[in-house]
Amino acid sequence: MGQPTTTSLFMRDVMFHRMTGTSQAVNDVATLSGERREIIRRALNKKILVPNILELMPAWPSEFQPNIDEVNVEIDEWLKTVNVAKEKKLKHRARGNYTLLAGIYYPHCRKEKMLALSQFLYWIFFWDDEIDTGGELTEDREGTILCCAETNKCINDCLGPEPNYTPPPGSRGTVEMLYPILRDLRAGLSPVSTMRLKQELHDYVNGVKNQQKVRQEDHLPNPWDHFQMRVDDVGVIPSITQNEYAMDFTLPDWIRRHEAMEEIVLQCTKLTILLNEILSLQKEFRVSQLENLCLLFMNTYDMSIEQSIHKVLGLLKDHYKICIEAEARLPWSTTDEKLNNNIREYIRGCQRLATGTACWSYNCERYFKLSQLNDQQELLLDLSRT
């Protein structure tokens with residue numbers, strides 16, 4: 001498929017229909033500010049066909065780790081021991097299959113490393129959903145601050161200079177489960193990579209705390225401010241560092257801090273955010289989580305939802321091009337091929353952050369039903385409230 005244009009996006013409105021059986025959604029809308037209600041009204045019941053996002057990143061293939069099913073057996077046993085509500089565990093296991101996500105992020109890692117990598121992804125989705133729209137802490141500012149403080153303490157305990165892997169008595173389940181996960185990850189990381197992971201996790205946790213505050217405000221944020229906030233705190237950056245754990249190597253810090261590598265990490269982060277804003281739009285819209293670029297461009301620039309999605313797709317193409325161009329500026333060695341291989345592996349890990357998130361979304365029902373995909377992997381987004 002070629003690059004999408006406005007006309008190549010199949011878009012159609014459907015008639016406004018009665019929301020019988022969706023009284024919860026109606027009640028949710030009634031409590032929102034006028035600005036938020038207006039965005040819902042304008043997007044409600046639209047159906048938009050979105051092109052296969054993987055085709056917008058053609059140089060980056062998707063691969064699958066061969067032991068996903070075997071690791072899932074181990075995950076199912078591990079989940080029984082996790083102090084999280086059974087309903088939440090069942091929901092995430094059925095819809096998310098985060099072992100699949102780990103298997104796409106790290107397709108060439110050894111099977112024994114897959115367990116900790118999969119457990120980390122289960123943790124990040126469990127933890128994030130507590131604070132995200134519809135979670136236990138969505139409206140609880142003090143509870144969110146406390147949860148983030150406990151989580152930051154866990155990160156310091158496990159990844160700091162004097163590691164302590166014992167959770168404090170009374171820790172919430174999503175903090176308690178993180179201690180052994182970080183213990184296992186640290187065992188396979190160099191000191192410099194451990195310090196990077198520590199800072200990246202702090203940035204993520206503090207960013208989620210900031211996002212929760214933004215969602216409580218009456219006015220929707222500017223889309224560019226929202227995009228920058230997501231770049232600053234997005235939880236995918238720790239998954240790049242974990243590629244060093246997965247593939248048994250350490251990237252020297254001077255290479256990680258090289259401007260071209262920083263650019264690649266930044267652009268792959270932006271790509272992951274952009275594609276996720278599109279692929280998660282339906283799910284977020286249905287629970288009135290309106291801090292989504294597709295809806296924020298609508299609000300700020302008086303665009304239709306179709307125009308807004310097209311704009312996000314255009315940004316995705318732009319950032320992909322910037323990322324490709326940055327590879328030519330990397331500090332390749334003329335004598336150390338092992339170092340060059342490690343650089344290549346790190347770059348592939350960055351790229352798989354974007355392609356892996358999209359590929360996983362097309363192979364589970366975290367954000368939409370698989371029946372909404374056609375044979376060309378085009379997605380028919382359904383912005384109804386049912």
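Here the Cβ of each residue, glycine as well, is placed from N, Cα and C on the backbone.
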Which listed span Swiss-Prot calls motif 'NSE motif', if the choices are 150-158, 222-230, 276-284:
276-284
What's the CA to CA span in angstrom from Asp128 (Mg(2+) 1 binding site) over to Ser280 (Mg(2+) 3 binding site)?
14
Counting other CB atoms within 10 A of each CB, which of the binding-site residues Asn276, Ser280 comes out lowest?
Ser280
Same chain only, sequence gap of 6 or more: which residues have a CB within under 8 Å of the CB of Arg366 ((2E,6E)-farnesyl diphosphate binding site)?
Arg95, Gly96, Lys283, Trp360
Residue distribution over DSSP helix, strand and coil in the motif 'D(D/E)XX(D/E) motif' (128-132):
4 helix, 0 strand, 1 coil
Check the DSSP secondary structure of Tyr367 ((2E,6E)-farnesyl diphosphate binding site), expressed as helix, strand or coil.
coil
